[in-house]
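Student: Pasting a structure below so you can have a look.
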2 protein chains.
Amino acid sequence: MTSRDFLTDFQHMSAVGATAGGGVDRQAGTAADLEVRAWLRDTFSAMGLSEHQDAIGNQFGLKEYIPGAPYVLLGSHLDSQPMGGKYDGAYGVLAAAHAAHRVMERIAAGRLNPSLNLAVVNWFNEEGSRFTPSMMGSSVYTGELELDEALAVTDKAGISVAEALADEEVHRCDTAPRAACYAEIHIEQGPILERAGKTIGLVDGTWGAKKYTVTIKGEQGHTGATPMDQRKDALYGAAKFIVAARELVDQFPEGLLHTSVSTLELFPNSPVTYAGEVTINLDLRSVDTTVLADAEVVLAQQRNAIEAVARVEITQELTHQWGLMPYHSAGLELAEDVVRELDQPFQYIKTVAGHDSTNMKEQVPTVMLFVPSRDGYSHNEKEFTTDKDMLAGVDMLTGVAERLITGELVENTL
Amino acid sequence: MTSRDFLTDFQHMSAVGATAGGGVDRQAGTAADLEVRAWLRDTFSAMGLSEHQDAIGNQFGLKEYIPGAPYVLLGSHLDSQPMGGKYDGAYGVLAAAHAAHRVMERIAAGRLNPSLNLAVVNWFNEEGSRFTPSMMGSSVYTGELELDEALAVTDKAGISVAEALADEEVHRCDTAPRAACYAEIHIEQGPILERAGKTIGLVDGTWGAKKYTVTIKGEQGHTGATPMDQRKDALYGAAKFIVAARELVDQFPEGLLHTSVSTLELFPNSPVTYAGEVTINLDLRSVDTTVLADAEVVLAQQRNAIEAVARVEITQELTHQWGLMPYHSAGLELAEDVVRELDQPFQYIKTVAGHDSTNMKEQVPTVMLFVPSRDGYSHNEKEFTTDKDMLAGVDMLTGVAERLITGELVENTL
């Protein structure tokens, strides 16, 4: 167990799957993802953590102090979006490993007395870009998603999760270490902390989200010959829907509603035949459930109008949703104690994005922390957090872990 | 040489690559296309036509009367769009074969004296859905497209034209039969003849067309976390452009302008990352060059407005265009004589769609004929032409071919 420099490790880790634009491309189960997982395996080993993988490829680094006791679990994810940033998820895994390492050093020096075991986790496929749904590893861990169902998911090339994971030659177990509590640190992915001049965000809740698959059905025809008034052009209908979904936000107070369409498949996608069918996603998020409900009503009216104008049929199917969910108050109190001791500027904040912690907090006491994202860039190579903020975050997570390992949060809340 | 029933042949031909919805799916060089080409080879053979293929896979059926003389060429194409109709192109090839067969019977019976040779052609890849550009075979034949360039074109799976053609085990020659003149019959692909109660359309010109590749560049980001006012969502920009392009037609008198966007590729096409880049096509067609020019000006203004609102950059590159081009007046006179003799209701008409004849007419005297399309359906399984109209078209093409074989059009115009 040797002392390691966080920034040096961060640099090495970020070189795996690096893109020319300063980001990373490490979609779940790709060669780049398996390479960074191998790097983490070596890092675990150098830090005195023993690797343990469960059946869905969640990668744990374990340090057992109390045989049979549950674990303080710290972590995030190393997989990325296509052409993504190098901080998203990866910063949290490395911060977890370094926080754990520091806690281990304090325990070894006799300055801290553990009443739980300690583990770092790299959750498999948090991003969900190659294999849907997102947060796959933590969803299987918490029992929200069946293992067999997750392993059978295929990417666009028809490769299954099981096949992608089989390329990594490691031993996987049916069991995973049992968590007593969980802590995660992540870049904010928005501009709030930076604008407010705060270093640490204490996440007290999630925005609500509703996700849909939207299918627009028309009838294919000749791009030149078919008279305009006779067309049932599915891509025209889809385009009007995408515009309506985006401009929905203007009907609500600024910042209350986020909407996106980010995926699109069309048939036949041919230069001289306009589309007969288009499938898109729809992602609605708000910090206010009333706004979400109102947005759905307005969009439904617009959907009907688009069906009439574009002569198409639109079906909208809810595929995933979560409400406005609070994080544990005892965890927030613990984290606020730590941030005050460290004398860092902080604020309470909500997360718009989903995280593995949004799964974990339904099972065990959970602390979720943010550090600033410059200009709020996310899922983009330009994503950036300063070294100073990253290091402050590691200190913060270390402070939280030191309290968790003594059983503080578990005793207070269970 | 035996007498054959056109409708029986049409039924057998339409069974190759048939779809459940009553259409066909025989994209160029696919197994279904090769199968229908084999069917045509057998048909040529039964009709006493000898097969000759050139290097780009144009499939000719030849009957030589005057050694060394050029050919009266009759034909169209057997390939289709994905989930296309069974009449588009295929009707014209079969009509050409039957017209040629009848001409051969009259010559054999000593009732017609040929001064040229006779050939039927199935042009390779007229549709251009799998391999771009469209009208590939006739473009190589007329020298508009280099053979090597055409053979090197790849589909989305990376398979080249040369590789697709290699699956057909036939002898191909560097040379093709030399045409003295050309005639093609095709379904109208629009509703004009049906609405007017006419059986035969004499095509006197083409609409003008301009085709573009349009690229919309933004910056990818998180569908949930990124603040709306900060987004540079390329799919939002693309959707606004698609709507603008479609609604451009409303600014011109009805029926004067046709616009389409039918292809779209987006990156990264991920459920939680909105698009950083989208590429679409744009297809503008008009019977009036002023309208085309005005449409471009209006669209350019809207493009600038979309760039500002969606915070994206849009580039629009012209990839292909043709002007309003007349068909040969001597050919129209010849065709009008025939249609009057046959006493069929007819009218002069322009073609909005491109055809192999639009290539051929730049080289040799060319006659282009239409039969009605019910409800104007095109590039759709619902495409339909009545048996009666099909048979009237075969009679019409036969009458034209009988005159062409005597050298009438060639003597009159060359």
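Keep in mind that glycine also has a Cβ here, set from the backbone N, Cα and C atoms.
A TrEMBL annotation is a machine prediction, not a hand-curated record.
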Student: TrEMBL records B:Asp88, B:His186 as Zn(2+) 1-binding residues. Which of B:His77, B:His101 is assigned to the same site?
Tutor: B:His77
Student: Which chain-mates of B:His77 (Zn(2+) 1 binding site) that are at least 6 residues away have a CB under 8 A from its CB, listed by sequence?
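Tutor: Correct list: B:Gly89, B:Ala90, B:Gly92, B:Val93, B:Asn122, B:Trp123, B:Phe124, B:Asn125, B:Glu126, B:Glu127, B:Gly137, B:Asp356.
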Student: What is the total of other Cβ atoms whose distance to the Cβ of B:His186 (Zn(2+) 1 binding site) is within 10 Å?
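Tutor: There are 27 such Cβ atoms around B:His186 (Zn(2+) 1 binding site).
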Student: My understanding is the cutoff is Cβ-Cβ under 8 Å with a sequence separation of 6 or more in the same chain; which residues meet that for B:Asp88 (Zn(2+) 1 binding site)?
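Tutor: Within the chain, B:Asp88 (Zn(2+) 1 binding site) has Cβ neighbours under 8 Å at B:Ser80, B:Gln81, B:His186, B:Ile187, B:Gln189, B:Ser378, B:His379, B:Glu383.
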Student: Given the binding-site residues B:Glu127, B:His379, which one has the fewest other C-beta atoms within 10 angstroms of its C-beta?
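Tutor: B:Glu127, out of the binding-site residues B:Glu127, B:His379, has the fewest neighbouring Cβ atoms within 10 Å.
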Student: Quick one: what's DSSP say for B:Glu127 (Zn(2+) 2 binding site), helix, strand or coil?
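Tutor: It is coil.
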Student: With a CB cutoff of 8 A to chain A, go through the binding-site residues B:Glu127, B:His186, B:His379 and name the hits, or write none.
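Tutor: Out of B:Glu127, B:His186, B:His379, B:Glu127, B:His379 lie under 8 Å of chain A.
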Student: Using the Cβ centroid of B:His77, B:Asp88, B:His186 as the reference point for the Zn(2+) 1 site, which residues of the same chain not in that list have Cβ within 8 Å?
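Tutor: Output for this site, in sequence order: B:Ser76, B:Tyr87, B:Gly89, B:Ala90, B:Tyr91, B:Gly92, B:Val93, B:Glu126, B:Ile187, B:His355.
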